[in-house]
Amino acid sequence: MSFNNQSIDQLHDLLVKKEISATELTKATLEDIHAREQAVGSFITISDDMAIAQAKEIDDKGIDADNVMSGIPLAVKDNISTKGILTTAASKMLYNYEPIFDATAVEKLYAKDMIVIGKANMDEFAMGGSTETSYFKKTNNAWDHSKVPGGSSGGSAAAVASGQVRLSLGSDTGGSIRQPASFNGIVGMKPTYGRVSRFGLFAFGSSLDQIGPMSQTVKENAQLLTVISGHDVRDSTSSERTVGDFTAKIGQDIQGMKIALPKEYLGEGIAPGVKETIIKAAKHLEKLGAVIEEVSLPHSKYGVAVYYIIASSEASSNLQRFDGIRYGYRTENYKNLDDIYVNTRSEGFGDEVKRRIMLGTFSLSSGYYDAYYKKAGQVRSLIIQDFEKVFADYDLILGPTAPTTAFDLDSLNHDPVAMYLADILTIPVNLAGLPGISIPAGFDKGLPVGMQLIGPKFSEETIYQVAAAFEATTDYHKQQPKIFGGEN
């Protein structure tokens, strides 16, 4: 029996009433995963035995009636450390790495008796927008297997969209949760920078990275964010703000709420079908009582250039630790120490990772630091100021999550600039450290279109309020791909 059409609240009710056990739910979820995995390719590792053992432990002590996540399985992106489960970052460099510790976010999952059922495929070290740079496999879009699932959290998104799991964790450095959520027609939240501990997340861009939830519905997303949020002394960038219940405002009306629609978000490069869908979604929010007005974010057009200087610079520093000496892959082709360093990194990293290391090393090098990295930091400040000006008068910003729907597999592999531009609408949110969500807003030629809602720092509750109001009065989130039993 499959339970993948049951909401988290419904599953919790069944578990509390003992109509199903955590073990039965876990086994059913594993059946759904294996039945769809060949078609979608969401997972690098499926931890059958460990997940069932966890579920049996939870059954033995009993489901906690006050904990909606008790006994619920989920997928975790493979750049988030999981003790006893391979954590590869989809790289040859870490193809056999089994951590001896859990990331803080994973510790919080276990504290709520959640079950990590497997590790989701991704772009290598989270560098990519299509999940095609993975060392292990390519993941297919849940709606059309000839399309990409987005990236870098493509496996996490496809697993939810295809009905393999209800929930997953991803990470977002420049859109890596929101863009695949858009491409697969699910909900994906990039929280405020500092909202979720980065301890145990393999670092890509340390001033940009955030772990976040991916889900079938807005409420489930808020429920999972409530679990993983909170201060962590092991992450100096994590916020000390008290974490409440992110579902608190769900169900409240949005009458009188002011929402900005930047003209740059519907300009050049936005596919006509995507633009039409977002305009329709904005009008729907107006019918619900929101006030939608056009604004300008004039420096957002520089976001991609700024991002690829800053993120690549941070990556070149973070990835220095992978040298063939301490852990991970080591070349067998060496005569001296220099050979170990050079050949290990040449053989262990894929082309996209090496490209970004070179970009970052160049940007930080003597004679170029001021011209590139320092200037990028200055423009980043201008992008932040643009958002601050808008949020002085508006509650939220809306726009498309991505300029297009999911593109063909292998279509942009040899055009990195075109691939980078796919994140033009999500990158500024990371540069400013803001929270942003993608929710299903419609379809263009049979493929999902996501609407992005962006708020000031620590405004996740308000974002969920508006997202849930839209979701409750539309049926886009209820439509499913064929692999999940839908008609599309």
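Including glycine, each Cβ sits where the backbone N, Cα and C put it.
The active site, charge relay system feature in Swiss-Prot is assigned to Lys77, Ser152. Annotation source Swiss-Prot lists active site, acyl-ester intermediate at Ser176.
Spacing of Lys77 (active site, charge relay system) relative to the residue listed as 'active site, acyl-ester intermediate' is 11 Å (Cα to Cα, whole number). Look at Ser152 (active site, charge relay system): DSSP puts it in coil. Look at Ser176 (active site, acyl-ester intermediate): DSSP puts it in coil.
Within the group of active-site residues (Ser152, Ser176), the Cβ with the highest number of other Cβ atoms inside 10 Å belongs to Ser176.
It is 5 Å from the Cα atom of Ser152 (active site, charge relay system) to that of the residue listed as 'active site, acyl-ester intermediate'. Its own atom aside, the Cβ of Lys77 (active site, charge relay system) has 32 Cβ atoms within 10 angstroms in the protein chains shown.
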